[in-house]
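Colleague: Below you'll find the structure I mean.
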Amino acid sequence: MSAESPEPASAEEQKEMEDKVISPEKAEEAKLKARYPHLGQKPGGSDFLRKRLQKGQKYFDSGDYNMAKAKMKNKQLPTAAPDKTEVTGDHIPTPQDLPQRKPSLVASKLAG
């Protein structure tokens, strides 16, 4: 019963084996990096683009501009106190509670 069992490979040996076995994705990535070396650089763009990005975007389109303008206008306007303090829905109106209708100036075609 003294069969030799394979020893587990050390971490260094496993790392070397992984480096030798290249996945198809890694091979394709290496091929593309060789073909397009400038794409591997960090995105930065031109100085103009960098300055615009630092400033921050004010408005995307005229709709954003108008919404921001309306929001600023709403903040500046004072809120008016409501004239009516009456709360609707407290009671069920009856014919006696309702105000009288004003007579119409135009005669109805239905009244004959």
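Even glycines carry a Cβ here, placed using N, Cα and C.
Below are the features listed in Swiss-Prot for this protein:
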- 1-48: region 'Disordered' (REGION)
- 1-11: compositional bias 'Low complexity' (COMPBIAS)
- SER2: N-acetylserine (MOD_RES)
- 12-32: compositional bias 'Basic and acidic residues' (COMPBIAS)
- SER62: phosphoserine (MOD_RES)
- 73-112: region 'Disordered' (REGION)
- SER104: phosphoserine (MOD_RES)
- SER104: phosphoserine (MOD_RES)
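What's the neighbourhood like for these features in this structure?
Modeller: In sequence order, no residues are near SER62 (phosphoserine), counting only same-chain partners six or more apart with C-beta under 8 A.
According to DSSP, SER104 (phosphoserine) is assigned to coil rather than to any helix or strand.
Non-local contacts of SER104 (phosphoserine) by the CB criterion (under 8 A, 6+ apart in sequence, same chain) are absent.
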Colleague: Kindly assign SER62 (phosphoserine) to one of the three DSSP-derived states: helix, strand or coil.
Modeller: helix
